[in-house]
DNA sequence: ACCTATGTTGGATC
DNA sequence: AGATCCAACATAGG
């Protein structure tokens, strides 16, 4: 299972930097044209002979910086993956774009569900030409996600906190797994309206978001279900999921059975005892 | 075999 | 503007 939230995308970025930074594109093969913008003829023509200067990331987006002022914005969506193979090694039916490099290697994009997208834009124009990129909220780091900003945006919204945190224009990079995790860590019920959170709760939530993302990046974005197997693996730090995918299991803090509900069409895991709904929110629900 | 679930985003419809 | 639902697609599991 690949889980491309921010830490996973950052891990991909670092891997690609190590493997293909300073490589040069010989030619590009697009096997599933819907995946690329502009159309595949232009897309492939535009990339011939370009050098990969750098690979950047913003939120869950990868930005391939090519020579000559061209950037490829790539989003992995649910299941997109990059890998690098020797020229001509067998491809799977889910390999949709192949970047043939001049050094007899291939950078391949594979995506079972075909949700991923890649688009070429002039470097520096990506925020203007791609609104989803331009409107991204701050990165979840100590320096960029300030408490003042948290207090301001949460105070302005009645939206419940789970979809609020999934909104990339508020904070960039959080996905379904890490949102459930940080809400559990912060003892906040996923149905709590954003503007019901106290300053103290926002301080806790902010700290947990920043810490969780940092630790997940440090763990190479590897989120594993089993904590016991992760421990004892020599030299390997792996992340531990406290609630995601653990419905029916006892909460690690209090032993109460973890529940799974739907919130804004997304599977949502929480501990009903550690993460109680505030009385005000229960009343609001009762009025439906 | 049928129905539901799945990490994400963006568009349509109210 | 904001919420709500659904679409893109393939596969796994009950």
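Cβ atoms here come from the backbone N, Cα and C positions, even for glycine.
The structure displayed is predicted, hence computed values, not measured ones.
What TrEMBL annotates here:
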- A:4: active site, schiff-base intermediate with DNA (ACT_SITE)
- A:5: active site, proton donor (ACT_SITE)
- A:60: active site, proton donor (ACT_SITE)
- A:266: active site, proton donor (ACT_SITE)
- A:94, A:113: DNA binding site (BINDING)
- A:4-116: domain 'Formamidopyrimidine-DNA glycosylase catalytic' (DOMAIN)
- A:242-276: domain 'FPG-type' (DOMAIN)
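Feature annotations (TrEMBL) mapped to structure.
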{"residue": "A:4", "record": "active site, schiff-base intermediate with DNA", "DSSP (3 states)": "coil"}
{"residue": "A:60", "record": "active site, proton donor", "DSSP (3 states)": "coil"}
{"residue": "A:94", "record": "DNA binding site", "DSSP (3 states)": "coil"}
{"residue": "A:113", "record": "DNA binding site", "DSSP (3 states)": "coil"}
{"residue": "A:266", "record": "active site, proton donor", "DSSP (3 states)": "strand"}
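Long-range C-beta contacts of residue A:113 (DNA binding site), restricted to its own chain and to partners at least six residues apart, with a cutoff below 8 Å, comprise A:77, A:78, A:79. Among the recorded positions A:60, A:94, A:266, the residue whose Cα lies closest in space to that of residue A:4 (active site, schiff-base intermediate with DNA) is A:60.
Within the same chain, residues at least 6 positions away in sequence whose Cβ sits under 8 Å from that of residue A:60 (active site, proton donor) are A:4, A:5, A:6, A:9, A:75, A:76, A:168, A:172, A:173, A:175. The residues of the domain 'FPG-type' (A:242-276), classed with DSSP into helix (H, G, I), strand (E, B) and coil, number 0 helix, 12 strand, 23 coil.
When other Cβ atoms within 10 Å of the Cβ of residue A:266 (active site, proton donor) are tallied across all protein chains shown, the result is 15.
Distance between Cα atoms for residue A:266 (active site, proton donor) and residue A:94 (DNA binding site): 26 Å, as a whole number.
Take the CB of residue A:5 (active site, proton donor) and look out to 10 A: across all protein chains shown you find 21 other CB atoms. Other Cβ atoms within 10 Å of the Cβ of residue A:94 (DNA binding site) number 17 in total over all chains.
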